[in-house]
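Worksheet: the structure to be examined is printed underneath.
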Amino acid sequence: MDESGRQRPASHVAADISPQGAHRRSFKAWLASYIHSLSRRASGRPSGPSPRDGAVSGARPGSRRRSSFRERLRAGLSRWRVSRSSRRRSSPEAPGPAAKLRRPPLRRSETAMTSPPSPPSHILSLARIHKLCIPVFAVNPALRYTTLEIPGARSFGGSGGYGEVQLIREHKLAVKTIREKEWFAVELVATLLVGECALRGGRTHDIRGFITPLGFSLQQRQIVFPAYDMDLGKYIGQLASLRATTPSVATALHHCFTDLARAVVFLNTRCGISHLDIKCANVLVMLRSDAVSLRPAVLADFSLVTLNSNSTISRGQFCLQEPDLESPRGFGMPAALTTANFHTLVGHGYNQPPELSVKYLNNERAEFNNRPLKHDVGLAVDLYALGQTLLELLVSVYVAPSLGVPVTRVPGYQYFNNQLSPDFAVALLAYRCVLHPALFVNSAETNTHGLAYDVPEGIRRHLRNPKIRRAFTEQCINYQRTHKAVLSSVSLPPELRPLLVLVSRLCHANPAARHSLS
């Protein structure tokens, strides 16, 4: 009769005994029992002498000398050890089905990414509300992987202050690896937040201006994104070399940057998140079939993302369910995402609005240090930076070729130790007072909140230090001598007017005019 498939019921008596078939008995229990038996012997109760006791005590056969308590204890301990070892040798088989592990295995199951992942339907979901004001978000467990084992050649995609990017062109994937563990936690949370906002914005407002993650690895400190053709900086160089300035290119550019402006307003206002690092390298583009016109672009690189005053999740927490763990792993909102940092806001100064440069020169930083970022400040910074990226394209592709002179958007890349210097801030403000009036549109649609461009008198009036005011005045005079005559001869095709109007509104000297885009 075959009984290989049978099992004992849980109530069987064998479930209460050891796998060796005998009742488990600890040494402590045995010692207590043995001492109790010795006390009974000492009380005068008859007990026959043991040959083993005599052998251990060293007494001669037939001797009536009574062994000491220590000798009897040693003999009993020896018998207990012998009996225990004999039971182990007689039952070498493994524990049966009744024996179960009381803890999870030490080695967790591996989840390697072996094929290109599909875009997620969601990234975060509200799990519960803790203490009435702390939302706890569950991270989509399908995004997590341990190792990246997708076949295909890797190529260098770029590097920055926090990590580098590798491209897998065969599968249209980009893998970003963060160097530092602390910065990986910050960027991962920021990427998950912006990614969820991007998915919700696409469903409810048809806003698709942000890159969404496809997966992440805590062990490798990696985040996987869809790969794009190139960034905006490379596209500007390619467009300038091809000299492909057809009306269709200008129309596609206008649609692209209008959508990006809507996305920036949505992120800052509805989501309470400010990007704070919009530049050509962080705008990723896809080309149409003609290889020159743009498809809708996206913003990437959320290393400097900060929650602004419109955010309701600054105290939020996150939980991630991992394999073989009963309870999910929890982690809170990184402090770097919840407070403003003046150094982060100013950066190198290339794309920052004039009001920030003036505050930098006046040393007015108290309102930004260790305080929540104001929504209107974050929105004004992001919109101005987006306008500067568009202005970079217009100057490099249209203005400089039409003049035959290498005119640039900024006076030069002058900074020390990756920080903005006062000399460069003064030069940048003065240079914009000459460049912007030559390119910005001066009309009713751009002058609702005053002139769209900065004038020297307005900047000079806000500078407190007399020495800095004199330096600014001298720089304005110098740039007017070297650039004003050249820029006065700029002649751009009429199809660029919508782009120039958009630049004038995005880079308006009055922050309130930028807010009106929302």
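Glycine too: its Cβ is placed from the backbone N, Cα and C atoms.
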Exercise for review: Would you identify which residue of Lys172, Lys176 Swiss-Prot lists as part of the ATP site it also attributes to Gly157, Gly158, Ser159, Gly160, Gly161, Tyr162, Gly163, Glu164, Val165?
Suggested key: Lys176
Study note, to complete from the structure: Which range is region 'Disordered' per Swiss-Prot? Of 1-22, 199-220, 441-462, it is 1-22
Check your understanding: For Val165 (ATP binding site), which residues in the same chain are close in space, meaning a Cβ under 8 Å from its Cβ, but six or more apart along the sequence?
Key -> Phe156, Gly157, Gly158, Ser159, Ala174, Val175, Lys176, Thr177
Exercise for review: Work out the three-state DSSP category of Val165 (ATP binding site).
Suggested key: strand
Point to revise | Integer Å distance between the CA atoms belonging to Gly161 (ATP binding site) and Asp277 (active site, proton acceptor) | key: 12
**Study point:** binding-site residues compared (Gly157, Gly161, Gly163) - the one with the fewest other Cβ atoms within 10 Å
**Key:** Gly161
